[in-house]
């Protein structure tokens, strides 16, 4: 698969990327599965409800068992009553995680990268470095490359790049092992350094 190789002025040449990573068919069902699993695994329980033992209530029987013509009632904490406990309350300890096999996850990442390459949303650079940790420098460099919303995948995130890009709203910088499916899809472009492509090939190939 041929990708654009950009220089510092944004001029493009051609880079031959490995087909093992960028030449796969798009598997929509698999990509959907790993994205949903990624979101589920990032979710934490934040809902809490009370069951009938936890709500504040009296243990007095509302009325006698027989003779009133009304339905039997033992306590006002019953789930049948307004203000009573829930029969099956939500708990912060709920586990939302979904298991995805490593082989499936890697295949899904390859599928996403291949589709992004076909849509011309992947570009390559030799390296991505900055002289100092200034957001202005990072913004100017990305502007010269013609990039605004971009995920930068580099073999090693140095301190200058991290500090300079963390305040840019539509820019993220990660190492290959942290390139998750949601981020790959979210950003308009993916910029990858040559050493990072070698690492991706080693991880996913």
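Positions of Cβ are set from backbone N, Cα and C atoms, glycine also.
Looking at the stretches 43-95, 96-148, the one that Swiss-Prot records under the feature region 'Disordered' is 43-95.
The DSSP breakdown of the compositional bias 'Basic and acidic residues' (48-57), given as helix, strand and coil counts, is 0 helix, 0 strand, 10 coil.
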